[in-house]
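Novice: Pasting a structure below so you can have a look.
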Amino acid sequence: MAMTDVLAASDISTAINACKAKDSFSLKTFFATVGLPKKSPPEIEKVFKMLDQDKSGFIEQDELQLFLQNFSKGARALTAAETKAFLVAGDMDGDGKIGWEEFSALVNAS
């Protein structure tokens, strides 16, 4: 499965282009631009599973760093500051990773 099976390629491209510069990534803006908050819970879960590269049921810090590359192969990696901000925003139980419920809450807050 590819992100384009759930999200429009043009929306993904717009979102990736909007955060090309280092430290310009905004989680809420990115989610809104790709249209994720408008998707159904099963569709959001498909995106979560694609981001969970090791299939652990969580998105860990190393997977967050490669977040943009999951949407577009040529995209940059998130900076350490962006990765930390993403983790802080999403890790509601303090376990150092983002689970499905936490990811869903992040998307729906966007």
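Any Cβ shown, glycine's included, is placed from N, Cα and C.
Heads up, TrEMBL stuff is auto-annotated, nobody curated it.
Dumping what TrEMBL says about this protein:
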DOMAIN    39-74  domain 'EF-hand'
BINDING   Asp52, Asp54, Ser56, Phe58, Glu63  Ca(2+) 1 binding site
DOMAIN    78-110  domain 'EF-hand'
BINDING   Asp91, Asp93, Asp95, Lys97, Glu102  Ca(2+) 2 binding site
Novice: In the same chain, who gets a Cβ under 8 Å from the domain 'EF-hand' (78-110) while lying at least 6 residues past its ends?
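Specialist: Tertiary neighbours of the domain 'EF-hand' (78-110) are 22-23, 25, 27-28, 31-32, 36-37, 39, 41, 44-45, 48, 51, 56-61, 64-68.
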Novice: Pop the mean pLDDT for the domain 'EF-hand' (39-74) in here, whole number is fine.
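Specialist: Summing pLDDT over the domain 'EF-hand' (39-74) and dividing by its length gives 97.
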Novice: Can you check which residues sit near Asp91 (Ca(2+) 2 binding site), meaning Cβ under 8 Å from its Cβ, same chain, 6 or more apart in sequence, and list them in order?
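Specialist: Within the chain, Asp91 (Ca(2+) 2 binding site) has Cβ neighbours under 8 Å at Lys97, Ile98, Glu102.
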Novice: Do you know offhand how many angstrom separate Ser56 (Ca(2+) 1 binding site) and Asp95 (Ca(2+) 2 binding site) by C-alpha?
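Specialist: Pair distance, Cα basis, whole Å: 14 Å.
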Novice: Using C-alpha atoms only, work out the spacing between Asp93 (Ca(2+) 2 binding site) and Phe58 (Ca(2+) 1 binding site) and round it to an integer in Å.
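Specialist: Approximately 12 Å lies between the Cα of Asp93 (Ca(2+) 2 binding site) and that of Phe58 (Ca(2+) 1 binding site).
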Novice: Would you list, in sequence order, the residues of this chain other than Asp52, Asp54, Ser56, Phe58, Glu63 that have their CB within 8 A of the centroid of the site's CB atoms, where the site is the one recorded for Ca(2+) 1?
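Specialist: For the Ca(2+) 1 site the neighbour list reads Leu51, Gln53, Lys55, Gly57, Ile59, Glu60, Lys97.
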Novice: Around the Ca(2+) 2 site recorded as Asp91, Asp93, Asp95, Lys97, Glu102, what other same-chain residues have a C-beta within 8 angstroms of the site's C-beta center?
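Specialist: Near the Ca(2+) 2 site, the remaining chain residues are Phe58, Gly90, Met92, Gly94, Gly96, Ile98, Gly99.
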